[in-house]
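As recorded in Swiss-Prot, the features of this protein are as follows:
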{"type": "TRANSMEM", "residues": "9-29", "note": "transmembrane segment"}
{"type": "TRANSMEM", "residues": "45-65", "note": "transmembrane segment"}
{"type": "TRANSMEM", "residues": "72-92", "note": "transmembrane segment"}
{"type": "TRANSMEM", "residues": "113-133", "note": "transmembrane segment"}
{"type": "TRANSMEM", "residues": "146-166", "note": "transmembrane segment"}
Amino acid sequence: MKNNTIRNVVATGIGAALFVVIGMINIPTPVPNTSIQLQYPLQALFSVIFGPIVGFLMGFIGHAIKDAMSGGGLWWFWIAGSGVFGLLVGFFRKFFRVEEGKFEVKDIIRFNLIQFGANAIAWLIGPIGDVIVSGEPVNKVIAQSIVAILVNSATVAVIGTVLLTAYARTRTRAGSLKKD
């Protein structure tokens with residue numbers, strides 16, 4: 001897909017706004033300050049469609065605004081984690097053929113392996129930063145990290161797969177149009 005700066009700027013703005021709005025829906029987990037987040041499947045979709053820069057900025061800007069609006073302060077390492085998730089998924093966008101109208105079983109498996117790896121890397125950033133900079137207890141942040149990796153991976157696996165499958169179906173497959 002051709003790089004289109006205006007398109008990417010608009011996608012970043014819309015993506016960050018949706019990240020904030022959807023991020024206001026918090027489904028609590030038993031671990032303090034950790035919840036099931038529904039914005040990451042959408043971030044994965046945007047990362048695959050628009051690439052790593054849009055994916056990073058959507059997560060970074062959206063998470064920063066969400067934290068600022070919540071009144072609990074800005075947790076920069078966790079904000080960075082959101083950006084890194086979008087960046088990593090976006091780096092692998094060329095492995096997917098959603099723009100060609102294809103998101104088949106092998107694509108779904110590949111997507112979910114990539115998003116799980118991206119979640120694992122992204123949600124180690126926050127805890128490491130919390131321990132080193134903020135002096136947070138190691139046991140607490142390890143629990144938060146494990147829960148974040150698992151629940152975010154699960155939501156992206158289910159909802160992200162549905163979103164990418166639906167998006168691929170809106171694209172015209174190459175060679176699918178025939179002259180009558």
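Even glycines carry a Cβ here, placed using N, Cα and C.
Nonlocal intrachain contacts for the transmembrane segment (146-166), taken as residues 6+ away from its ends with a CB within less than 8 angstroms of a stretch CB, comprise 29, 31, 34-38, 40-42, 44-45, 48, 81, 85, 96, 98, 103, 107-108, 111-112, 115-116, 119-120, 123, 126. Cβ atoms under 8 Å from those of the transmembrane segment (9-29) belong to residues 35-39, 42-43, 46, 49-50, 53-54, 57-59, 61-63, 65-66, 69, 82, 147, 151 of the same chain, restricted to positions at least 6 beyond its ends.
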